[in-house]
Amino acid sequence: MSSATQTPFEPTTSTGRITNFVDERVGGSGILREFGRKVFPDHWSFMFGEVALYSFVILLLSGTFLTFFFDPSMAETHYHGSYVPLKGVEMSVAYSSSLNISFEVRGGLFMRQVHHWSALLFVASVSVHMLRVFFTGAFRKPRELNWVVGGVLLILSLAAGFTGYSLPDDLLSGNGLRIIDGVVKSIPIVGTYISFFLFGGEFPGTAIISRLYMLHIMLVPAMILLMVAIHLFMVVVHKHTQYPGPGRNDRNVVGYPLGPVYAAKAGGFFFIVFGIIAMISAFFQINPIWNYGPYDPSPVSAGTQPDWYIGFVDGALRLMPGWLFNIPMEWNIPLPWGTNTLSFNVLGPALIPAGLIFALMFTYPWIERWVTRDNREHHVLDRPRNAPTRTAIGVAGVVLYCVMWAAASSDLIATHFHVSLNDVTYWLRALFFIGPVLGFIVTKRVALALQRKDREIALHGRETGRIVRLPHGEFQEIHAQLDDYKRYKLVGYESPVAEEGIPNENGIVTKKENLRAKLSSFFFEDRVAPATPSELEAGHHHEAIEASDDDNKAVTH
Amino acid sequence: MKALSQKRRHPLAALALLVLGLMLTGGLYAVVTTVNEAKADTTTFTAHQVEEGEKLFVANCATCHGIGANGTDAGPSLAGVGAAAVDFQVGTGRMPMQMQGPQALGKPAQFTTEQTRELSAYVATLGDGPAVPSEEYLDGNGDAAVGGELFRVNCAMCHNAAAAGGALTRGKFAPALAGVSNSHIYEAMVTGPQNMPVFNDANITPEGKRDIITFLNTIEEQGNPGGAKLGSLGPVSEGLFIWTAVLGVIVGFTVWLTSRTS
């Protein structure tokens, strides 16, 4: 201290010395200062991305444990473990080692269940996160690319799930692989070649499990990690979005700094998620592979379904008729080198709905940007009701997905509700086309109605249920005005107006521009304008008269 | 004895007596009913039983199956279905049928064991058919592993690999097999009730049927090593569980974490 040389900090405790040593070499305090001051807005719906990240970490941890004991070989063996109903049964080494993980390895069954439950939660939380981002308009500039990265993450998580589902080589996973094999083979001309390449010969072959295993434990997780890194980097660059509120705009972020409270909350949340998964893994059985028996291409069990996230493709396959009004959906096409079969009854449902949903999902930010010609940055989110058409489009997509999803469990719907399986299929086929339209109309009307209600409340206040009689005999209900903070939420939003087509420099409205104008009116024709300041002023004035009437009455009493 | 007599005015004495009485009657009832079942397994019927069976048949079954069980528009002829078919259909309550529908539903049996036996005796006289199976195939001491393989190849496509049941076309279904008695499972295989195909002894040998029964008994008794089974319905109930219960709990926690302390 007494010396005047440049020793800015002299730690006194041993912890301080160690910290200082590290800090002088890697500059941790600078990073901490920067990141510790990152501000995150607080809202429950912002935490599903975190749930996804945490379940991915749990997947890595439990998956590593499973690799210690799993053997992805399709060599034949006889089971000699402790599960009696399979004693001596011929099976693959992969299935046998999965059974050993379940019954011989200490804690193995628990870890298998942790891995599988967290996989289901991972994809579910990714989906909910994406729905939140869509319905609040968080995909708008500057976040379009991060939306695409998120979509890629969703596809990768499906890939991770599917490759993992097939590994135990039990009857259920083998049936799932058989369906994939069928879909691949239905691709015209090259399908059979791809199938033979994938399975190393005719299905099921002896190669597929070890190939899927490599994808499942190396390539897919590595790609997910890379995408997660890009995703989080962009979140840091863009900063977090926030819900509309007083003092919040596109140039600020209102919330808590990361350090210390928010970091503690987020860190603690990891353990909450881990705890929930551990609890359900301890108490609820998932994928009881011993029930299904070893894979053998001849038996197919009733109630064979994929895990929930592949369900919509399975459902589409179930909904597709093989014949449509005496027209077969499978054609033999003569080609110069012979006849090729086009199985549209398999190819169509397997690829078209999923392709449509993902294509729309990836391009939607650009579609909306083109229609609105809105090139500004948006950091304040939309309440779903304040973007009625977007919300309605989203709900239509969700309905389409859910119809296919329900179709994947058509047999269970039939047995549990005592209805005919055929009727379930017919209804779902109809709903496949009608459902999204109905969903769109109903949602749009509900959103507009909610906007109208907001406007009404902003202008005239909340109904108190208190009826007063005025001196001249009139009855009136007293409306209580909202405070400014609450009223801001009801009036502080943008409400675009439908645009006419804009002529180009030659004064011509191009066809493309005409289409844009049509879409613009589709989006914004039905519109409830937010209450303007002058309207609010008028509303309050009206309120003031009511209030003074009330006062007069009080005086006369 | 003295200790017992001293306790006879104990406040809980009446309760103990009640429990004792209940256990005694329950135990006796259980013994009597199993004795009855054992009797039903013998394949010979007396002329008296046939006679009584015909009376029961005329009063309860002939409306649909016709006098003499020749069949009508409402129900098939029963010549040649055998005693096993009657024992299954009547014993599981499927006959008399609750209502016309895609298939007869199981319900509490409408006839006593003895009456069922009499009906079986009568129907068995109408033509040769599968007899009520003998006890040696119903003991559940076969090979569960062999039974499991036979079950997966022959039964699982309708009844599900875990015997949880499954849907068939137009409202028909293959029921779940938990809680079905061994003799009823055997009879179902040999007679093919409702929409089930017949698995005769050339298809699956009697020993194979015994193994299947053993497999079903084993998976029913062993419970679920991994915890609550969620209906043994596979990925659908698992997905439903994660989307409702688990995401519900997680949303609860997120709301809690982001709520302001007051």
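Note that Cβ sites are derived from N, Cα and C of the backbone, with glycine treated the same way.
A TrEMBL annotation is a machine prediction, not a hand-curated record.
The feature domain 'Cytochrome b/b6 N-terminal region profile' is assigned by TrEMBL to A:18-244. Per TrEMBL, transmembrane segment is recorded for A:51-70, A:114-135, A:147-167, A:179-200, A:212-237, A:266-287, A:308-326, A:346-367, A:387-406, A:426-443. Feature annotation from TrEMBL assigns region 'Disordered' to A:534-557. As annotated by TrEMBL, compositional bias 'Basic and acidic residues' applies to A:537-557.
If you look at the transmembrane segment (A:387-406) against the transmembrane segment (A:308-326), you find at least three C-beta pairs under 8 angstroms, all six or more positions apart, and that counts as contact. Residues 130, 134, 139-140, 143-144, 147-148, 151, 155, 182-183, 186-188, 312-313, 316-317, 319-320, 329, 393, 397, 400-401, 404 of the same chain sit 6 or more residues outside the transmembrane segment (A:346-367) yet have a Cβ under 8 Å from a Cβ within it.
For the transmembrane segment (A:426-443), the residues of the chain that approach it from at least six positions outside its boundaries are 315, 319, 321, 388, 391-393, 395-400, 402-404, 406-407, 410, judged by C-beta separation under 8 angstroms. Over the domain 'Cytochrome b/b6 N-terminal region profile' (A:18-244) the predicted model carries a mean pLDDT of 93.
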